[in-house]
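Data first, discussion second: the structure below is written as C-alpha cells.
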Amino acid sequence: MSDNQSWNSSGSEEDPETESGPPVERCGVLSKWTNYIHGWQDRWVVLKNNALSYYKSEDETEYGCRGSICLSKAVITPHDFDECRFDISVNDSVWYLRAQDPDHRQQWIDAIEQHKTESGYGSESSLRRHGSMVSLVSGASGYSATSTSSFKKGHSLREKLAEMETFRDILCRQVDTLQKYFDACADAVSKDELQRDKVVEDDEDDFPTTRSDGDFLHSTNGNKEKLFPRVTPKGINGIDFKGEAITFKATTVGIPATLSHCIELMVKREDSWQKRLDKETEKKRRTEEAYKNAMTELKKKSHFGGPDYEEGPNSLINEEEFFDAVEAALDRQDEIEEQSQSEKVRLHWPTSLPSGDAFSSVGTHRFVQKPYSRSSSVSSIDLVSASDDVHRFSSQVEEMVQNHMTYSLQDVGGDANWQLVVEEGEMKVYRREVEENGIVLDPLKATRAVKGVTGHEVCNYFWNVDVRNDWETTIENFHVVETLADNAIIIYQTHKRVWPASQRDVLYLSVIRKIPALTENDPETWIVCNFSVDHDSAPLNNRCVRAKINVAMICQTLVSPPEGNQEISRDNILCKITYVANVNPGGWAPASVLRAVAKREYPKFLKRFTSYVQEKTAGKPILF
C-alpha cells in the first residue's frame, strides 16, 4: 500500500512538468568558423528538437543540413574577449559561432540552454523519472547481491560466524536454564522460611498432656522432621547445575576464541583487499593519466585550425607550442618539396641548349649575345644604365639601388652590430636585432661565393618570374600586376600558410640592373632589388597579413685567367653573392619564433637557389 502511495505521489509531482510545452524553436544567421583558409562564414542555423543544425543558407535548407550536434551533453562557452562569439563543444567536436551583437548572442545562448535543459540529460524531472525505477529495483536486490558476493570466497569466515551464532543460542539457553534454577531456589528458600516460622509458633503453643498414670506426655512435633521439613523446589527437578555450569564456562571460553579467529580472518581479508585496492588504485591512476593525455591530444587535434589558436594577441598557444607547430609545418613542406623535386628529376630532362645562332665567338670563348625570350629559362637584359627605365617609380628605384650599393656591400664590422648567426663553409648569415612596437624587423645579410656561375646568371634566375616556381618553395601563387619596363615589374604573391601563423602576401616592385664599373679593376656587378609598393589592383584583404619587404640580391663576378691560350671555362669564374633582406612580417607572431624561423630558412633558401642556378647553367655557355 505504501509503495502504491509513493508511486502515485511521484506521478502527481511530474504532472506539471509533463503538461509544460516544448522549448521554442529558433533559426537565424550566425557566423561560423569554417577553417583557417576561409575563416568566418555566414550560415543558416536552426535550433530544433534539442539539436543544433546549420545550412549554407536559408534557401538551401531543402538540400539537407551540413552539420548537426545534439545538445544533451553540449557545453556552451561564451568567449572571454569577443562579446559576439560563443563556442559549443560536444566531446571533441567544437563549433565556433558569432552573433551580430552581444544581445543576439545572449538570446541564442538562452535558447540553446533551454533546449539542453529539456533534453533527457539536462532535465531534473527526467532524472527523477529514470532514477525511480532504478532505485526500486536496486533497493530490492542490493543487500542480497552484496551478501552473496561477500561470502563467495569466505567459507572459513562464514563457518566461524555460524559457530558464533551457535554459541549465542547455547549461551542463551544456558542462561535461561540457570536463571530458572536460581528462581526456583529463591522460591524454595522463601517457602522454607515461612514454614519454619509456622512450626516454631505451633511448638510454643503446644502444652504437655497428663497420662492416666500421672506422667506428662510431650508432643513429638519438635523433632527434626517436624521442625525442618525437606522441601523440594518445584521446577528444578532434572536440572544438572554442575553440568550446566561447566557447559556455560566452556561456552564463554569458546566465544572469545571463535571471535579471535574471525578477527584474524577479517584482518587477512583486509590485507588481501588492501593489496587489490592498491593495485586498482594504481591502475586507475595510470588510466586517468592516459585518458588525460589522450584528451589533451584530442583537444589539440579538434582545435587544430581553430580561431583561438591562431596568431593573434589573444592566442591560447604559447611561444614554445607556436614554434613547434611552425617547425612541424615547415618540415612537412620540406618533405613534400623533396618528393616533388625527385619526381621532376625523374620525369623531366634538363632544358636543351639554345640553337647556334644565339651565340657568337670572340676569340676562343663563346658567350650569349642574343637575349632569351620571356618564355625561355633565362632572359638576358643588357642594362648599362637606367636612362631607358623611366616610369612613375623610377626615382624610388634609383634611391633603393643606391642605398643597397652604398650600405649593403659594407663590411659587417664596426658599429653596425651585425651578429653572425649561421656559418656553413663559405656561407655566412648575419643579423641585427631590431624591434618596433613589438614587431621583429631584423635585417639579415648573407654572403656566399659560388663557383661556375656569373652574377648575371644568378640575378636573371632570381628576377625571372617564368622560373620562379622551380626554386621558390614558399609561394602559393603569384602574378605580375604591372610591367613598368623591360627590367621592372610589380608582382603580387601569396605565401603558403604555416599554421598557426597567419597567411602572408606581398606586393612589391622587382627590378634587375647592371651596375657600371667605376674602374677596370672593379668586378662586374648585377643587382636585383625588390621592395614593397602599393597598387590599386592588389588591395589589402582580410585573408592575409600584408608583409613589407626590402630585398636585394647583389652579385659580383670574379674571373681568374686560364692558363695559356685556353678558353674561359666555368672553373675560372666565381660569383660573390650578397643577399640583404629587411622584412616587416606584420601580424602578431612571437619574436623568438620569427628569429628562429629566419635563422633556419634563410640559409636553406640561399643554398637551394644557388644550387639550382649551378644545375641549370651546367654545360651551357657562360652569360656575362
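Here the Cβ of each residue, glycine as well, is placed from N, Cα and C on the backbone.
For the recorded site, Tyr579 (N-acylsphing-4-enine binding site), the DSSP three-state label reads strand. Around the Cβ of Tyr579 (N-acylsphing-4-enine binding site), a 10 Å sphere holds 24 further Cβ atoms from the protein chains shown. Per Swiss-Prot, the feature N-acylsphing-4-enine binding site maps to Glu472, Gln493, Asn530, Tyr579; the stated evidence is similarity to another entry.
Annotation source Swiss-Prot lists coiled coil at 263-303.
Under the heading compositional bias 'Polar residues', Swiss-Prot lists 1-11.
Feature annotation from Swiss-Prot assigns phosphoserine to Ser126 (among others).
Here Swiss-Prot flags Ser132 (among others) as phosphoserine.
Under the heading phosphoserine, Swiss-Prot lists Ser135 (among others), citing similarity to another entry as support.
Summarising the annotation, Swiss-Prot assigns phosphoserine to Ser315 (among others).
Swiss-Prot lists Tyr372 with the feature phosphotyrosine.
Taken from Swiss-Prot, the feature phosphoserine covers Ser373 (among others), and the record attributes it to similarity to another entry.
Annotation comment: Swiss-Prot describes Ser377 (among others) as phosphoserine.
What Swiss-Prot lists as phosphoserine is Ser380 (among others).
Counting residue by residue with DSSP, the motif 'FFAT' (321-327) contains 7 helix, 0 strand, 0 coil. Per Swiss-Prot, motif 'FFAT' is recorded for 321-327.
Cβ neighbour count for Asn530 (N-acylsphing-4-enine binding site): 20 (other Cβ atoms within 10 Å of its Cβ, all protein chains included). Distant neighbours of the motif 'FFAT' (321-327): 311, 315, 498-501, 589-590, 592-593, 596-597, 600; these residues of the same chain sit at least 6 beyond its ends, with a Cβ under 8 Å from one of its Cβ atoms.
DSSP assigns Glu472 (N-acylsphing-4-enine binding site) to coil in the three-state reduction, outside any helix or strand.
Counting every protein chain shown, the number of other Cβ atoms lying within 10 Å of the Cβ of Gln493 (N-acylsphing-4-enine binding site) is 21. Across the residues annotated as binding N-acylsphing-4-enine (Glu472, Gln493, Asn530, Tyr579), the widest Cα-Cα separation comes to 20 Å. In three-state terms derived from DSSP, Gln493 (N-acylsphing-4-enine binding site) belongs to an extended strand segment. Under the DSSP three-state reduction, Asn530 (N-acylsphing-4-enine binding site) is assigned to strand.
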